[in-house]
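Record features (TrEMBL):
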ACT_SITE  S72  active site, nucleophile
DOMAIN    23-295  domain 'Tryptophan synthase beta chain-like PALP'
MOD_RES   K48  N6-(pyridoxal phosphate)lysine
Amino acid sequence: MNALALSSLDPLLPSPLEPVEDERFTRHGVRLLLKRDDLIHPDLPGNKWRKLAPNLAAAAGRPVLTFGGAYSNHLRATAAAGRLLGFPTTGVVRGDELAGRALNPSLARCAADGMRLLFADRATYRAKGEPEVLARLLRHAPPDTFVVPEGGSNAEAVRGCAELGRELRDGGVDVAAVACGTGGTLAGLAAGLGGGRRAVGVPVLKGGFLGGEIRALQEAAFGGPAGDWRLDERFHFGGYARTAPDLEAFAEDFEARHGLAIERIYVAKLLYGLVALAEEGAFPAGTTLAAVITGRPDPGQPSAASR
Ligand SMILES: Cc1ncc(COP(=O)(O)O)c(C=O)c1O
């Protein structure tokens, strides 16, 4: 895959940086901007584009194999890229109990885009980084297949996300905030944002292990620590895809105020955290704060409350 083929997908880059009027920020002298990465591409929105594009460039048109859960946005984006750019894709799905059952809408979309689905039991899925386990999985994929890790977070992806940081720096942002799963987006964003500016990550998983993983990703991508970043671990609402009436009410209210559909698993928790931080006085008056809208709601996804 060369840069020309990727640019034929016509991504909206740099993504728009939109000011929003929200008195919960303005009353503290904070200017809030929304970094609309959700608008980059209809099939590869947000950090999916940022992370996949450099990996597809590295794959150079070879077949791609990657990994994800039953509702993985990353699997869907990879399958769509394969359809659009004409390379074969294989998706290793966590959970062999799914094999032989009707596909959920997310996996059905992957299959319709031509992705070959392999259902792995949980032990195999956990061990997918081990060479012999990976070799076994690759036997089911076409020869010369390029492997992209789960969630797409590797050194290439992190370097791709540095461009997001540079766009924010060029937009005059002082503090940039992003929701974190693997931390790859934050690792790259912080590096691109550079000195004199701050990046804040809001993990959506419970665990407290993410700091070490972000340092390791930065080491792999840039050879050492990069940028000024920190995590605020208070807004995961119990863990991945967990929610609370409070969070749902917040997201609905934000949608009504700003006419923007809010993705619940990541973006809602980020925005909730930012309102709380502004209320605590975490941002000095005069701060330009950008919230990265890393994705958009997916009608195929079960609602967070039902998981
Ligand atoms: C919409 C959305 N926002 C944020 C993230 C978190 O990205 P990362 O895993 O790089 O921390 C993801 C995960 O891929 C995502 O799908």
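In case you wondered, yes, glycine gets a Cβ from its N, Cα and C as well.
Close to K48 (N6-(pyridoxal phosphate)lysine) in the fold, though at least 6 residues off in sequence, lie H41, N73, H74, A77, G152, G295, each with a CB less than 8 Å from its CB. Around the residue listed as 'active site, nucleophile', a 10 Å sphere centred on its CB holds 21 further CB atoms from the protein chains shown.
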